[in-house]
Ligand SMILES: Nc1ncnc2c1ncn2[C@@H]1O[C@H](COP(=O)(O)OP(=O)(O)OP(=O)(O)O)[C@@H](O)[C@H]1O
């Protein structure tokens, strides 16, 4: 046989061989080779993805570990959890801080006894142990779905506390006996997951006595859950608008304490964090209450972190009808001023016991803000007070609260006070009477021997509620 005919024979034999059937399921050789090649590529890709994800995960972990240091301790009421250190003994630690600036002489911050809720039993770990523990996320803990299923008895109906726009909230008891609220976010991958991440990152490290603490989260498959401290006395909406009988347990003083606590929580979000956090859904159902009527602002699912810019344009307006500021509703321009507006509406609701929008009322009273402004303008401030409040508020206190409402809902966002100022305005005994005192002193100096309290009392007696002129207290 010639060389050329040999080559011809071998050329012919390769396709022939490739085309021949193998013993594996009788598949042709080229098909089997193709499958093997595909498998090899798939294995390579899986290894590649695993390595890069692992790298990212480690980087993220490092960020979480160090970022808690970004939060400035601006308020003495705040406990920032710098890092979850398993060496820390969480045995009843009480921090007592006397705070002369605030009217409360002592603020007690208590880290609940034993280990932090939900923390797994690990003995004698060190900081380096913490950094490699995938459950530890710097401020709280990742929970497994199974743990939360057990805590809520399989998300049983009888453990449902309520349902909001973002999912169902369950009461749960963790293995260590601590009671938590588990918010099972709607299984809507796009938005819910985004909100979830925002909420987790923005709120996880924040601790303030007037903010509901986020103590962990769960992300398994499509499931997204947030685990909060449980606040055991319902929400403000229920107490203001629920059936409480002919006399509301919320006296004027309790209502003002709720308003002040809420303002403190919001002021921390706005002024105590960098970057600041705008809540975006301040409303009565998001103010949870404990048995002593201490308010805790909840539901940061709508919160977005703001950068250094003064305001921020968002693509979709979120919030609740009746509470949303006009500029946010019309332009989507978001700033802490929008929260201030909503707080103003909330304060009106607290004073009057009326919902922001109530279609069951006569036409002129359906919109709380319009009705409220009209009543103040016609010097009928006393009539604004919730008829379920048995003991009428002192005129000075009422005047102060009405004035704060009006300032918060100023159409000019720049004229609205900051939340921190609102705290001072609501707390200060001499607001808004300082200017009155000054002008009274100028006109008619206080007789010698009269002390400041007499002076204030004197002013108070003359200061009715009907004569609010908010331009005087800008
Ligand atoms: N940490 C918590 N402790 C106790 N109850 C809670 C807690 N968080 C939420 N709840 C209750 O669960 C219910 C649902 O709350 P959620 O925040 O999901 O919705 P919402 O505030 O009613 O409505 P939206 O989603 O429109 O803000 C409410 O009754 C609320 O009081």
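Glycine is no exception: its Cβ is also placed from the backbone N, Cα and C atoms.
Checked against TrEMBL, the range among 89-109, 110-130, 131-151 recorded as region 'Disordered' is 110-130. Note on the domain 'Protein kinase' (155-434): its mean pLDDT in the predicted model is 88. Note on the transmembrane segment (29-53): residues 17-22 of its chain, located 6 or more positions outside it, place their CB under 8 angstroms from a CB of the stretch.
Packing around residue 183 (ATP binding site) is summarised by its Cβ count: 26 other Cβ atoms lie within 10 angstroms of its Cβ, all protein chains included.
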